[in-house]
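Q: There's a structure below that I have some questions on.
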């Protein structure tokens with residue numbers, strides 16, 4: 001229809017052009033997938049070299065057991081039953097020495113109990129005759145499977161869950177094989193010595209070839225948690241006091257794990273999620289013999305779990321501080337900077353104490369923390385006095401300057417030196433600032449109100465709700481909005497009170513952390529060293 005008025009021209013691309021993007025995407029996807037896999041595998045190996053060592057250790061153990069079958073002389077001695085050794089190595093070999101011994105104990109005890117039951121039931125079934133024998137064997141298989149499956153769910157027996165699985169597996173295999181071969185005792189003995197060979201090889205390789213001790217990993221994990229907690233506290237306080245304009249709009253677009261400028265925050269979250277890992281390492285450590293720096297028998301590994309629990313108890317407060325940092329309601333920057341010296345000092349002293357506790361655990365030394373605790377408590381009491389003396393800044397009767405170029409003066413310069421001066425100065429400052437607040441109220445009222453309206457329009461569904469905005473309903477500026485504006489300012493100022501209260505609560509919880517570390521040092525017999 002070209003050339004006609006009002007016609008519509010439709011261009012249809014050639015088939016080869018339509019297929020080009022598909023082919024390009026397909027070939028590009030294949031190349032990208034291979035490179036991405038290789039790169040991710042390389043990064044995984046670089047992250048922890050012990051993973052590569054563990055893989056080679058498993059391969060070495062399986063090879064040593066397989067030689068009993070590959071070599072003709074060994075095969076003639078052990079026969080095909082040696083395959084059970086390979087299965088034992090694959091099941092028993094774990095990442096750490098303690099986990100390997102735990103698995104080995106469960107497998108050995110489960111196999112022994114299953115063999116005894118299989119021999120007893122097999123001999124008894126043979127006495128009943130050929131007709132009743134398969135019925136008795138089938139009934140016992142059902143009972144053993146049901147009872148062991150129920151018992152392994154019992155909370156006190158959950159750590160031995162692997163042993164109950166071995167009982168079911170080994171019993172069924174031995175009783176059925178013995179029924180067909182007619183000799184359950186010989187079948188049981190062949191399985192047992194094959195399992196013993198596999199268990200010995202797995203333990204031998206895991207202990208002598210680059211051993212990975214669960215106790216050392218538990219020790220290092222707990223110390224890293226102390227350092228992560230101190231770093232996260234300092235990072236949060238520093239960002240809260242130095243960031244003049246906190247961009248809270250990012251919170252609705254990102255989850256809490258994705259703040260790129262807060263690396264210590266993610267480590268603190270790891271500390272909160274470390275409960276299961278610490279308990280697993282502590283359970284594995286109990287199976288390990290004395291080694292390295294842990295040469296005491298019956299080393300108190302369970303105390304590490306208790307210290308970790310108290311440490312998480314403190315980490316909750318640090319996470320709450322991060323919540324205030326990223327909340328929608330923020331105290332003005334000039335108000336935050338007014339208390340900077342006291343907040344910074346309290347946070348630094350608390351972080352120093354936490355790091356000192358972690359250092360003592362790492363060095364396995366016991367030192368008195370009296371001086372550090374006194375400094376932490378002194379800085380916290382100073383912060384409490386400042387908040388109490390200048391509480392008029394956090395009430396709706398005081399009008400905060402909206403211009404950040406005129407910050408509230410540093411409070412450290414006006415602190416009293418005696419308790420009596422504190423009381424007198426508190427009354428004078430309160431009366432003076434109340435007069436100033438009434439003088440500045442008229443000047444800043446209109447500007448503060450329109451600033452509030454701008455924020456409401458940007459955050460339609462945020463607090464305060466735009467649906468109850470008196471300006472939109474009334475159509476103009478009214479004196480009735482003064483209480484609402486005061487409430488908005490008061491709530492924003494109280495955000496600073498929340499932050500300081502959480503910081504003080506964190507310091508209070510440090511007393512429990514010091515007690516827990518001291519109890520660990522006593523039970524573990526750390527070397528005493530006075531500061």
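Each Cβ is built from the backbone N, Cα and C atoms, and glycine gets one as well.
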Q: Which one of these stretches, 1-18, 19-36, 163-180, shows up in TrEMBL as transmembrane segment?
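A: That would be 163-180, the stretch labelled transmembrane segment in TrEMBL.
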Q: From 52-71, 232-251, which range did TrEMBL mark with transmembrane segment?
A: 52-71
Q: Tell me which range among 104-124, 272-292 TrEMBL lists as transmembrane segment.
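A: That would be 104-124, per the transmembrane segment entry in TrEMBL.
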Q: Cβ under 8 Å, sequence separation of at least 6 from the ends of the transmembrane segment (163-180): give me the contacting residues as numbers and ranges.
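A: For the transmembrane segment (163-180), the nonlocal Cβ contacts are 105-107, 109-111, 113-115, 117-118, 121-122, 125, 133-134, 137, 140-141, 144-145, 148-149, 151-152, 157, 187-188, 191.
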Q: Where else in the chain does the transmembrane segment (78-98) make close Cβ contacts, counting only residues six or more beyond its ends and a cut-off under 8 Å?
A: 50, 54, 57-58, 61-62, 65-66, 68-69, 104, 107, 190-191, 194-195, 197-199, 201-202, 205-207, 211-215, 217, 281, 283-288
